[in-house]
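Take a look at the structure set out below.
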Amino acid sequence: MDRDQMTNTMRDQAANLTSMNPLFYPFMADDALLGMAPPPPQQLLPSVSIQHMDWSPDTMLDNLTFIEEKIRQVKDVIRSMAGRRASSSSAATPEQQLVNADLTCLIVQLISTAGSLLPSLKNSSFLSRTTPPPAAAAGAAQAVSLAAGESSSSARNNETNREDEEEQMGSPDYDELFKVWTNGGAMDECVGAAGDEQDARENPAAAAEEEKYEVLQLEEDEILAPHTHFCGICGKGFKRDANLRMHMRGHGDEYKSAAALAKPPPPPEGEEQPPQPERRYSCPHAGCKRNRMHASFQPLKTILCVKNHYKRSHCEKRHVCGRCGAKRFSVMADLKTHEKHCGRDRWLCSCGTSFSRKDKLFAHVALFQGHAPALPPPPPPPTSGRRRHKQEEPEFTWGGGGGNEFLDVKGIAGVGSGSGGGDEFFSAGSFGAMDFGFGQLDASLAMLLPSEQFAGDHQEENGDK
C-alpha cells in the first residue's frame, strides 16, 4: 500500500512539472521505458569513435561560463564609454580608440565561442536529426503520457510538437546555419569583409579606379611588332593609321575620296551609346609591377606606354651613343634625347659632381653647404724659348661646291711680304688710272653734301691730277 501511494505521488508531481515545463522529461523506471519502445537501430546510436561529435555537458558549461564573463566585460566597457561621453574632452580621443579596440575584441570572442556551441548541440542525442522512427516515437510518447496521467488529447499535442521540432531541424536554413558555423565560414566571411572595407578606406582612389576600366594584356610579339596597321589588299604594314589611309589611295579611286581619307566619324549625338569602360593595359612579363597579377598593380594607359615600358625594362639595349660610346638605350627616342647634350662641357661642382645644366648645378650648391662651382682649369704654361707670333693670314673659299677647297693667297708673289702685308696687291692703284664713272656720280650726289666738303674734295681731286 505504501508503494502504491508513493507511485501515485510521483505521477502527480510529474503531471504538475509537465504542465509547467513542456520540455520536462517525466521520471519513470528505465525498464518500463525500454520495454515500451523498440530498440533503436545501430545507426541511431551516439558515435563512440568520434569523441568531438558527442555532447559534452562539461564543455558546454565552460563555454557558457566564458560567455557570461565576456558579456559582463562588454557591459563594463559600454558603461565606461557612456561615462566618458558625458565628460567628453579632446584629450580622451586615444583612450576612446583603445576602448573601441577592446570592445571589438570582446565581441569577436563572443561570436567565436557561441559558434563553438552549435556543433555540440547539433550532434547531441536530444537534438540529433537521427531521431527514432515515427512509430517508436509515437509509442514512447503515448506511454509517457499514460504514465503521467495525461489525456489522449495532450498526447496528440506532444506528438505534434515533436514533429514540428523535427521539421524545423530538417529545414535548409537550419542545415546552412550549422554548416557555416562548423566550417568557420562565418568568421572568414566577417574577416574578409572587414579586410576589404579596410583596403577601400586606406586607398579609396585605387578601389574606385579598378571599377572604371578593363585591363587588356598584349603578347610579346604584338608589343615588339614594328607595324600595327596593315593593308588588307597587299599586306604592307604601317605604324600609323593615317599612313595606311594615304597608302590605300594607290589601290583605286574609291580610296581617294574625302570620306575614305577622313577619320572614322564619331557616333551621332542623338543616339545613346552604352557606357564603355576605359581600357588599361598590362605588361606580359611575370613579376613586373605593371603586370595585373602583381599585388601593387599599376596599369599602363596606352599601347605606346606598353611598348616603351616593355622595351626599356625587359628588352636588350641595342642603341649605343656614337659620341661617348658608353650609354646604351633600347628606345630610339631616348638615344636622341641623350645626344642633344652628350659631349658638351658639363657644369662641375667642387665636390666632383657634374651636371648637364647650369641651374641644376646652382640648385645643388644651394642645397649643400660648403659646395661651390668649380673654377675652369688654368691655361697651359708657356713653352720655353722664343715664341713666334704668326700673323693671321686670310683664306678665301674657292668655288661654291661646298668642299674644303681654299685659295691660299700666301703663294702669290708680293702677298705677305713687305711692310704693306699684301695690301698693295688688292689696292685700287694697281689697276691704273681708269675712270668707272665715279666722277659723274659724285656730281650727282653733291647736293646731299655740305658745300665746303664738296669744294674741298673737288680741289683735292684737281690737285692730284
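Along the chain as shown, residues are numbered 1 onward.
Note: Cβ is positioned from N, Cα and C throughout, glycine not excepted.
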266-270, 356-360, 386-390 - the one Swiss-Prot records as motif 'Nuclear localization signal': 386-390
Residues flagged as zinc finger in Swiss-Prot, choosing from 45-67, 206-228, 229-251: 229-251
Contact set, same chain, for the zinc finger (347-371): CB under 8 Å, 6 or more residues outside the stretch: 341
Secondary structure content of the zinc finger (347-371), with strand meaning DSSP E or B: 10 helix, 5 strand, 10 coil
Long-range Cβ neighbours of the zinc finger (229-251) (under 8 Å; 6 or more residues past either end): 260-261
Taken over the zinc finger (281-314), the model's mean pLDDT: 91
